[in-house]
Amino acid sequence: MNRCAEAAAVAATVPGSGVGDSGLRPPMVPRQASFFPPPVPNPFVQQTRISAARRLQMILLGIILLPVRALLVGLVLLLAWPFAVISTVCCPKKLTHPISDWRRKITQPALKFLGRAMFFSMGFRVTVKGKVASPLEAPIFVVAPHSTFFDGIACVVAGLPSLVSRNENAQTPLVGRLLRALQPVLVSRVDPDSRKNTINEIKKRAMSGGEWPQILVFPEGTCTNRSCLITFKPGAFIPGVPVQPVLLRYPNKLDTVTWTWQGYTFIQLCVLTFCQLFTKVEVEFMPVQAPSEEERNDPVLFASRVRNLMAEALEIPVTDHTYEDCRLMISAGQLTLPMEAGLVEFTKISRKLKLDWDGIRKHLDEYASIASSAKGGRIGASSAKGGRIGPVSDVLRQLFALFDRNNDGSIDFREYVIGLAVLCNPANTEDIIQVAFKLFDVDEDGYITEEEFCTILQASLGVPDLNVSGLFREIAQGDSVSYEEFKSFALKHPEYAKIFTTYLDLQTCHVFSLPEDVQTAPSVASNKVSPESHEEGTSGKKVD
């Protein structure tokens, strides 16, 4: 981090902006719009405040309703179990063929009735909007937002389609048998081929022409607080068949159903819900959405379009959070940071910065070692004094100006990850190192003198009075630098790649700036590195 601080600071300093001798300038590349903070910072938290009057009401109602409803739910489950046995007896746990027609005709009507009876006994008042599509019209239902275990009511209303569920759930006594009666697609956490097998199974059933039951999928993959729609996983959209979006709403004054990573437990929510006079839920079946030819070839595009339609109907925003953000939240809590510190919008960060979960998790460890002692789990310039980043200095302030994307005086984990990837990302292949060496070797004698190094670096950064002698002395073993010395230093310290290749990378402003805000890059001193070489070195870059 210290070397990154030096590298970032060198790239950020220009004269005359009022910070020390050299001052501060805005980052060389303007902020990328797609990296702006999400409209909903944390969709995985729920804080329900219950007034004293409401508590008293719940206690009085609960004295009667809680035991009665618990008894009724238990009774319904016991009544449903024999039908589940008839539906699954002598059938393998992982079905290769659909349940026979005679089993369906005996069990399905009874299970549908008992499913509705169970939610009625729990106090749910269900409103259904729209028309349920037939298996031929839409083999797959996609349900959102997914916010609670009570969302199973969508399965009952849709006519008991198959679910995608963990293999362990099918092993649970009583409930496991009921789940198997729905002919679920089971996912194994220990099988390395589980994801591929699950997708193939969904594809096979979706394209069976109605032979299998419809499949109901919660594409978000985890529960949220219904304040937004997070990233849809592409599994339900890979078959390229029409899907029917299903919206869930819980329009109650007191929210007793939301089950998130930070909030009430399963038992607490059951007790709170059972103590309500009734709980309203709306299930809306939207028009069937058929994929275009382009969307058949790109399930992520199909998922994105369907998500946007559902968000528009719900009048809520979309974010790029996903289940991996939940894993990072848990990791942050284990590192004594606030759980929300781990939220980064994993889908967006991993896609745009080419980072996988392990890489971001490693950055979280680094971040925690700096921020664990800071208030609120955020890095501040003053709180970092004497720590790993170093004392508060002009260099540190310059680094903060680059990392602090929202200019609030502190760096959260999301800003930290983006800053490291953008500013300190190693970019030193041997070809780039060779071009960089030629850039500095003005007289083409195979060595870089201090004068050559300073002249080109100052010109390429647009900072004519920048002092880079210290950096030169760190590279050089004498009065000049050979190619082998230059290469050795660049490979050992990849964080300086941004400095060595600034001349070749000025076009990155097109990648990280808003289209209307793209500014003309400062002119730089030319040497014998030809324009053709420059184009070759940059033509592979992809503009966002």
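Cβ coordinates come from backbone N, Cα and C, glycine included.
According to Swiss-Prot, the feature motif 'EGTC motif' maps to residues 220-223, out of the candidate ranges 36-39, 200-203, 220-223, 464-467.
For Y447 (Ca(2+) 2 binding site), the nearest neighbour among the binding-site residues D404, D408, S410, judged by Cα separation, is D404. Of the recorded residues, D443 (Ca(2+) 2 binding site) and E415 (Ca(2+) 1 binding site) place their C-alpha atoms 41 Å from one another. Compute the center of the Cβ atoms of D441, D443, D445, Y447, E452, which mark the site for Ca(2+) 2; besides them, the chain residues with Cβ within 8 Å of that center are F440, V442, E444, G446, I448, T449, S480. A straight line from the CA of D441 (Ca(2+) 2 binding site) to the CA of D408 (Ca(2+) 1 binding site) spans 42 Å. DSSP classifies E452 (Ca(2+) 2 binding site) as helix under the three-state reduction.
When each of the binding-site residues D404, E415 is scored by how many other Cβ atoms sit within 10 Å of its Cβ, D404 comes out lowest.
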